[in-house]
Structures are given as structure tokens and as C-alpha cells.
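Here is the structure we will look at.
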Amino acid sequence: MDELHLKGIELILWTQRIFQDHSDVMLVLSHLGDPRNAFLVFFPLMYFCNYSAGIKTLWVAAVTEWINAILKWFLFGHRPYWWIHETSLYTDGQRPDLQQFPLTCETGPGSPSGHAMVSSAVLATMIIHHQSMKHSKRCTNILLWACFVIVMFLIGLSRCFISTHFPHQVVAGTLSGITIALICDRLPLLTASFGWYLVVSVTFLLSGPVLYFAVETFGADPMWSLHSALQWCANRKWVHLDTTLFFSMTRDSAALLARVLEEVKIPSQDPVLFYTMAFLKFFSLPIFVMTVIPSFLALIFSKNDKQS
């Protein structure tokens, strides 16, 4: 791994020299690959165009980001911007000077790349859906896959340029995302029952705290990457909690829980009961997401600060 990291640093330094006058473009490309776009842009767009494509996009986005969070927790992948300071492979006078940007200081472990993994999974799902349509043309499909390769290359390049990922992390994320898209295409996601949605969303929600305490029980620090980010980020304001693994898992479970609530049929025979149930339905999820989960995270982070 050390040799892979060293070669990765050389490539990152090269990209920063070549594209030093195009940092704004690189930041835009990195924004384009943000996993939140899968929920805020691609899912609504696909749902508007085609119901089944929209539901499948939501599933793939949530499952991929959740798997990405699990992999990051177990692989303990470093990010370039802090690795160069913590590794013993460099002496203090030889450490490379990597540039940092407002999007550099992500707080979770780096392997595999979440931007590459979620983007490749969602975009591949959209293309696979297009291929399944009756009037799909071969030349159009080839063009779409060519665009996919170009887009993923640019997203991966931007993630390396801003010192957030090593090249191998981007490649691993892209290949993992495509694999998940192909697997999900064979699963009966469109016919998933209410109970299945509920079980999966609750599993996603509880997996974060369970893994946190499991890692802590075995003597490891679940927040080690956050400490590294805070220590080595050039600007403390660039460290955001919405890049933590907890935030990703919260977003995934909330997206599927919203789908669960959408499936709840409110009895309409009694007007009073109808409006009461409607109120409770649309009141419960925001409260849970905005109050219960943040309170739990605040408890964890306050405990972590005291230990530090």
C-alpha cells in the first residue's frame, strides 16, 4: 500500500501542476459527483421521467452509499491531504506540498471514493434502464457509455486534484459502483413490499451506531479520520460534519423511510382520522431526522471531545 500511496501522491502533484489554472473547474466537477446529487437531482429527474427508473435510482443510491460507508469503516483508507503528514516515508524536509481547497477536507476514511462509487452506480443504473427500453438504439447506448466513461474520469480527476482521494480509491469506487448497479438491476426492487422497505431503512439507520460501538469495543477509534481532518486541514472552516459516515447513513435511511411513509395508506372514511393520520405521517419523519439523529450524533461527538 505504501508504494501505491507514493505513486498516487506523484500523480496528484502532477495534476495540480497541469491544472493549476483550472481549479474552479475542478471544484465544479467535484460538486457534480457529490453523492447528495443522487437524491436531490438524479432521483427526482428519473422519477419524473419514469416511475420505475426513479424508484430504482433511489434504491441504488441509498444502497451504494451505505455499502460505501461500511467499506470505509473497515478499510481505514487514508486521504492524501493528511497521509503526507502522518506517514513515516517522508522526512519533514521532504514532505510534498499538496494544495488544499474548500472541498478537500472530508472527514471520513478515503477508500473507496464515495463520489466515484455513488455517481458510477446511479449513472450506470440510468444507462442500463435506457438500454432496457424497447426503442433503445445500439448507437445511442454506446454514446451513453462513452459519456459515462468521460464523466467518471473527470470526477475522479477532480477528486485527486483537490487532494481528497488517491487514484486507486477512485478506481475502486467506480468499479464497485458499476458492480452494484448491475446486481441491483437483477433484483426485484420495484416490487419490494412495505415491510422490506421498513426493514432495510431501519437496518441502515441502526448500522451506524452499532458499527461505531463495535469498533470502539475492539479498541479502535471510530472517529480517527475526523481527528486527522481537523489536525491537517489547512482551514478549519473547510471541515464539515456532512462529510461524516454518520451523515451518509442518515441520508440513506431517511430516503428509504420517506419511501416507506409514502406507501402508508391513510384511511379516508373518517375525515378527522384522515387529517390526524396525515399530520402524524408527515410530522414524524422530519422530527426523527432533525431531532433524534442530531441529538445522538451530538452525544457521540461530545463524548469524543471529552476523551480528546
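Using N, Cα and C of the backbone, Cβ positions are placed for all residues, glycine too.
TrEMBL annotations: computationally assigned, not manually curated.
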For the transmembrane segment entry in TrEMBL, name the matching range from 26-43, 62-79, 116-133, 170-187.
170-187
Per DSSP, how many helix, strand and coil residues does the domain 'Phosphatidic acid phosphatase type 2/haloperoxidase' (53-185) have?
92 helix, 0 strand, 41 coil
Given a Cβ distance threshold of under 8 angstroms, which distant residues of the chain, six or more beyond its ends, lie next to the transmembrane segment (194-215)?
62, 66, 69-70, 73, 221-222, 245-246, 249-250, 252-253, 256-257, 259-260, 263-264, 296, 300
